[in-house]
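Q: Below is the structure I would like to discuss, written out as structure tokens.
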Amino acid sequence: MDGWKLWQWDVFRSLLAILQWWGFNVTVIIMNKWIFQKLDFKFPLSVSCVHFICSSIGAYMVIKVLKLKPLIVVDPEDLWKRIFPMSFVFCINIVLGNVSLRYIPVSFMQTIKSFTPATTVVLQWLVWRKYFDWRIWASLVPIVGGILLTSMTELSFNMFGFCAALFGCLATSTKTILAESLLHGYKFDSINTVYYMAPFATMILGVPALLLEGNGVMDWFHTHPSLPAALIIFSSGVLAFCLNFSIFYVIHSTTAVTFNVAGNLKVAVAVLISWLIFQNPISGLNAVGCGITLVGCTFYGYIRHMLSQQLTGTPRTPRTPRSPRNRMELLPLVNNDKIDDKV
């Protein structure tokens, strides 16, 4: 009986973790789109800066003041040699996500971001010459096919927004690959990641945002003097940090398979809610393409998990010129695009 109650508690905790993660993630996406479309605040660099500032303050409060998370100490030399380059890619990743959201619907943007597993596998193959099991490549086919179908049938297609979202996928993949080498030896969770990278990202983005959008932001505040509008922009930054805190909770409350499935279902929820709110036109084929992409992402996650289970404990075999350097090279690096792209 005690075992049954413990199982029930674990299931309840996992569901609660997933629901609060979905809630924060979808709310941040919808709020950002609302800011760009309904409030006519068309300044993605400034919105990203607000997010970085709020996340920097929030991470400091959690780690230094409230002490809810222990600080992972980083060597001062590594701050500039390893953390700063990661922060630069981290910044580009967030900015491109907000830029794409400025120009294309949430449904289209979220579908394109599901292309990240494919870009990660291809980049590892091109840059590191890593070789993957054929099932990994096969699992990417529905993702690529779904993206192509969605792009060709998107009724609100914008080339600039499309390119921003696509390069955002490349930035996410680059961040994942760089983290493998630059952050080797540091086991960062989402809160410590924000603690170190958000201040650097604020420094990197602050001057370009001021130069490119400063006058426009001042003009906007003169024409939109209402306090609620400013509060919505500030609140999106606060919620963006809360999203990172929720990520820490959901990762520690669910299995890898559950997290993968929940991440793809979260995209479907975001697409549905955004359509209900913004009423952007979606054709039947476009919806089918989005569905194929999400199924492909789930299948990719399942294949990767299955291979990781098979390779655990597998004895080494003699290496041939075309064989992987080690057995784990049959697996792509894990993408964090579902967990830390909304800082």
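For all residues, glycine too, the Cβ spot is worked out from N, Cα and C.
Note that TrEMBL annotation is computational and uncurated.
What TrEMBL records for 15-300 is domain 'Sugar phosphate transporter'. Residues or ranges marked as transmembrane segment in TrEMBL: 12-31, 43-63, 83-104, 134-153, 159-182, 194-211, 231-251, 258-278, 284-303.
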Q: Limited to the domain 'Sugar phosphate transporter' (15-300), I'd like the whole-number average of pLDDT.
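A: Average per-residue pLDDT within the domain 'Sugar phosphate transporter' (15-300): 90.
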Q: Report, as numbers and ranges, every residue of the chain located at least six residues beyond the transmembrane segment (194-211) whose Cβ falls under 8 Å of a Cβ in that stretch; write 'none' if there are none.
A: 43, 45-46, 48-49, 52-53, 55-56, 58-60, 63, 71, 74, 79, 83-84, 86-88, 90-91, 94-95, 188, 241, 244, 340, 343
Q: So, does the transmembrane segment (258-278) come close enough to the transmembrane segment (83-104) to give 3+ Cβ pairs below 8 Å, pairs being at least 6 apart in sequence?
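A: Contact between the transmembrane segment (83-104) and the transmembrane segment (258-278): absent.
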